[in-house]
Every structure is written in C-alpha cells, then in structure tokens.
Amino acid sequence: IFYEPFDDPFDGRWVVSENDDYKGVWKHSKSEGHDDYGLLVSEKARKYAIVKELNENLNIKSQKVILQYDVRLQNELECGGAYLKFLQQQSTGWKPQEFDNNSPYSIMFGPDKCGNTNKVHFIFKHKNPKSGEYVEHHLKDPPSVPSDKFSHVYTAVLQPDNILQILIDGKEEKKTYFLSEKDFDPPLIPTKMIPDPDDKKPEDWDERAKIPDPEAVKPGDWDEDSPAEIEDDEAVKPEGWLDDEAEEIEDPEASKPEDWDEEEDGEWEAPKVANPKCAEAPGCGKWRRPMKSNPAYKGKWHAPLIENPNYNGIWKPRQIQNPHYFEVAEPNFEPISAVGIEIWTMQDGILFDNILITCDENVADLYRETTWKPKFEVEKAKHKAEKAVAASSDSFTRIRKGLFGLLYKIADIPFLNAYKSKIIEVLKRGEEQPNITVGILFSIFFIILTIVVTTLSGGKEKPPVCLQSKLIYFVGPRHETCFKVLEFPCLYMQANVTQGKMGMAAAQTSNNQRSTKEKESETKKATATAAAPPRRKSTRRDA
C-alpha cells in the first residue's frame with residue numbers, strides 16, 4: 001500500500017514542518033558502512049517534524065494491516081524518540097507544513113527512551129461514540145528498545161480478530177488483545193460503573209479506626225523532661241591524651257599567594273591541616289566524657305490507642321452508571337491519511353528507512369529479509385571483528401604487563417644488584433614506548449645471559465656476546481632516534497623498527513674479533529712475502 005525506501009532525496013515528496021518549534025535539519029544520508037540511504041536526524045537536542053501524505057486514505061478497520069520500518073540509532077539513544085505517527089484525516093484547510101504534535105493521529109508506533117522510559121510505543125486513538133472525545137490507549141508492558149547501534153526493524157501486525165503483535169527484527173516480543181482491559185491503559189471498553197463525581201463525604205464521617213483512650217492517665221513517675229542520653233560517669237580519659245594539642249593546625253608549608261590583596265581579600269590565613277601529633281595519640285584537645293543512653297528516659301507520654309466506637313470506615317463515593325460506557329466488537333480505527341515523524345531527541349544519527357504499510361505478512365517478511373537483514377548482518381559482523389581486535393589488544397596489554405612485572409622481579413635478584421638501576425631504566429623506557437617492547441625484552445635477555453655466563457665462568461671466560469656499541473637504535477619510517485641504554489662490558493644490540501617489523505642483530509663473538517694492530521701486522525707480512533724474489537730450487541749439486 002505504501003513503501004518509502006529513501007533511495008531518492010525526500011525533497012518534494014516529504015514536507016518538513018514550518019512550525020517554529022521544529023528546528024532540526026533532516027538529511028538524505030547513507031547509513032554508516034552501507035551504500036543504502038535513509039532519512040537522517042542530523043543535529044542533537046532538536047525537535048523534528050516531517051510528513052508524507054498518502055495518495056488516498058487507508059482504511060485499517062476489519063482487515064489485517066502491517067506497519068513496518070527500520071531505524072538505526074547510530075549514536076545509540078539516551079533521551080529521545082524514534083517513532084512514527086500514522087495520521088488521521090486532518091481538519092479542512094490543514095496543510096502539511098503545519099504538522100506538529102497537535103496533529104491528530106490514529107496510531108503512534110516505535111522506540112522512545114529517556115530516563116525511566118524505555119519502550120517501543122504502541123498507542124492508538126479511539127473515538128468514544130458516547131462522548132465524541134478521542135482517547136489515547138497505551139499498550140501496557142511494551143518491549144524495550146535494543147541498546148546498540150545496529151539497524152533494527154519494528155513491525156506492528158494488526159489482525160482482524162483484534163490481536164496485536166509487536167515484532168522486533170522479525171521476532172515476536174509482544175502479543176496482546178485490543179479489547180482486553182489488562183492490555184491497554186485505559187482499556188478500550190470503559191467500565192460500566194464509575195464513582196459519582198457529585199457525591200461528597202459527610203462532615204461527620206469518621207475514618208479513624210483507632211483513637212487515644214480518653215480515660216487513660218499519665219503515671220505519676222513519668223518524667224518527660226529526662227534526656228535521651230547522659231554522660232557516661234564511668235568513662236576514663238585514655239592514657240596519652242594530648243589536652244594541649246589542637247586537632248587541626250595551620251599548614252606549615254602554606255604561604256600567602258603573591259597576588260593576595262588584603263584590602264580586597266581580607267587578612268590571609270593559612271589553611272588548616274590535621275595535627276600529625278594527634279595521629280599517634282588517642283586524641284587531642286579538651287577531653288569530654290562520651291554520652292550513653294539514659295535508662296530513665298521515657299519520652300513524651302501518649303495515651304494508648306483503643307478501637308474507635310464511631311469508626312465509619314474509609315469513605316468512597318457511590319457508584320453510578322457510566323454515561324460514556326459503550327461496547328464494540330473491534331476497534332473503530334480512524335483511516336490513515338499520512339505518515340509523519342514528530343520527535344524530540346538529544347541524539348543525532350537516527351536514521352529512518354524502509355517505511356512499509358501492507359496487508360500481506362509475506363510482503364512484510366520479504367522486505368524485512370531483503371532490505372533490513374543484509375544491513376544488520378554486515379553491522380553485526382563488523383562489530384564482532386572490532387570486539388575481537390579490542391580483545392586481542394587487551395590480551396597483548398595484559399601479557400605485556402605480566403612480562404614487565406616478571407622482569408621487575410628478576411631485576412631484584414641479588415646477583416643483578418650491580419646492574420639493577422640500569423635494568424629498571426630500560427624497563428621504564430619500554431613501558432613508556434610500547435612499540436619497542438620486543439627490543440627491550442631482547443636487551444634484558446642478553447644482559448642477563450651475559451651476566452650469567454660471566455658469573456658461571458668466574459669472570460675469566462669471555463661471554464658469548466661482546467660489546468661493539470653501547471647504543472640501541474630505533475629507526476622510524478621518517479626519522480632515526482637513538483639513546484644510550486646500558487653500559488655493560490659485553491653487549492651489542494641493534495633494533496630496527498619499520499612499519500611494525502623489528503629486526504634484531506647481535507654482534508659477532510669475540511672469536512671473530514681482532515684488533516686493528518693485529519690486522520695491520522698480518523697485512524704487512526703478506527705484502528713483504530709477495531714482494532721478495534722467488535727462491536731458487538735446491539739441487540743435488542748444492543747438497
């Protein structure tokens with residue numbers, strides 16, 4: 001009967017209210033993460049109103065009608081509405097530009113949340129055939145609004161047998177009966193009897209079930225002036241109580257601000273702080289006995305209560321026939337002439353889409369499966385992936401914290417005392433710069449390995465890792481920075497950090513290292529050998 005996917009701009013098809021109360025700006029916008037367009041609430045803390053008239057009035061009485069739309073609360077919903085109004089035929093001369101909260105509707109349906117309110121409204125207006133007045137009937141115990149940022153589809157199915165079903169994402173969340181007095185407030189069918197509005201309580205009507213005993217007399221020994229508490233005469237001042245010390249003293253470290261003006265600000269006084277002497281003593285200042293309950297206290301005397309011989313009970317007005325009582329076999333819904341959105345909200349990012357009115361549940365199911373569900377599945381998958389990334393990051397943080405905690409404990413091992421301050425310096429640097437964590441761990445590993453090897457060998461053998469540089473280099477994609485890490489006699493580490501990858505290089509061992517003098521000496525020998533004339537081969541004659 002009606003379908004609005006908002007694939008095209010709404011200008012010229014939907015009419016924005018020109019009422020001065022509605023300053024919110026509607027936009028034709030894509031849903032975040034999709035190519036699908038919708039009608040967007042673009043500003044916070046605004047009232048919004050927009051309406052679309054139907055080509056012809058829709059009779060929703062005595063037939064199945066499905067009202068459905070999806071809405072995405074991209075910034076969630078803390079305080080505001082996201083519901084639709086299905087308007088009645090308006091008065092003669094009414095213009096869509098005049099649409100506001102006073103424009104009469106037949107049904108209001110959708111999410112509303114603020115403070116203690118958290119519900120998917122279903123309200124219908126029904127004309128009382130006796131009084132001629134329209135009464136709002138609110139669904140009792142409606143479903144709650146989903147608390148996330150996904151697209152959700154809301155469906156109201158009005159059955160010809162007076163059954164109402166409320167579905168969220170295709171799942172039935174509420175099923176009710178239009179004629180039931182328990183399901184709507186107030187009930188559609190009013191009560192037969194009502195209190196007589198003209199009945200008045202008699203002046204001599206006594207509603208007191210019990211009264212003070214008029215014959216009771218206060219006992220002669222009843223002392224109303226005795227206090228509830230008295231000093232404890234048995235209390236003794238604790239030993240060490242400092243009678244001459246005040247509980248608070250002027251802060252000895254406080255000083256008058258340089259800009260203090262005594263003419264304007266008055267005489268400066270140092271702020272008070274707790275007296276440190278009192279912290280070590282049982283108390284300071286003048287000691288007073290503590291108070292205790294007074295065993296002689298009785299309080300003000302009151303006469304005991306007795307049954308009231310003149311008790312008439314709680315007065316109620318008499319019941320009379322309800323002049324506005326009526327009976328119907330089904331709700332007499334007013335025909336729908338337009339679809340409107342009239343809301344006040346503190347959140348922006350509310351996106352309305354796929355507004356549908358149909359008489360066929362299969363059509364509603366089809367639109368739900370083809371327009372809403374693909375978006376919902378994409379949003380849910382994205383959210384799941386983001387949670388996985390966040391969980392992974394949290395796991396890495398916990399592991400990293402645990403590793404550094406372990407390394408701090410290792411730094412407390414006695415045989416590392418000589419290097420403890422340097423190790424802690426490196427660990428603190430690693431905690432401040434997460435991107436160099438791996439380099440720090442390798443550095444500490446080689447430090448400990450060097451010390452262990454040196455210790456086990458009695459300090460005689462050379463450790464397997466020898467010093468060629470006292471620096472660790474961290475090379476970024478745009479610049480290179482270096483800092484002095486440790487000054488150990490046998491450690492060389494170089495770390496390259498580029499685009500998240502780290503390479504580690506250790507120095508050659510001492511067996512592959514030779515001094516410059518040794519190299520020069522060998523070179524000279526080799527040169528001299530090459531320059532000398534060849535030796536003559538010895539012969540038998542020479543022998």
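Each position is counted from 1, following the chain as shown.
Using the three backbone atoms N, Cα and C, a Cβ is placed for every residue, glycine included.
Values in this document were obtained by computation on a predicted structure and should not be read as measured data.
Pulled from TrEMBL, these are the features on record:
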- Cys79-Cys114: disulfide bond (DISULFID)
- 179-277: region 'Disordered' (REGION)
- 195-221: compositional bias 'Basic and acidic residues' (COMPBIAS)
- 222-234: compositional bias 'Acidic residues' (COMPBIAS)
- 241-252: compositional bias 'Acidic residues' (COMPBIAS)
- 259-268: compositional bias 'Acidic residues' (COMPBIAS)
- 436-456: transmembrane segment (TRANSMEM)
- 504-543: region 'Disordered' (REGION)
- 515-525: compositional bias 'Basic and acidic residues' (COMPBIAS)
- 534-543: compositional bias 'Basic residues' (COMPBIAS)
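Here the compositional bias 'Acidic residues' (241-252) has, by DSSP, the following mix of helix, strand and coil residues: 0 helix, 4 strand, 8 coil. Same-chain residues lying 6+ beyond the ends of the compositional bias 'Acidic residues' (222-234) with a Cβ under 8 Å from its Cβ atoms: 289-294, 296-301. Sequence-distant neighbours of Cys114 (disulfide bond) (same chain, 6+ residues apart, CB-CB distance under 8 A): Glu78, Cys79, Gly80, Met346. Only residues 6 or more beyond the boundaries of the compositional bias 'Basic and acidic residues' (195-221), in the same chain, are considered here, and those with a CB under 8 A from a CB of the stretch are 301-308, 310-320. The compositional bias 'Acidic residues' (222-234): residue composition by secondary structure is 0 helix, 3 strand, 10 coil, according to DSSP.
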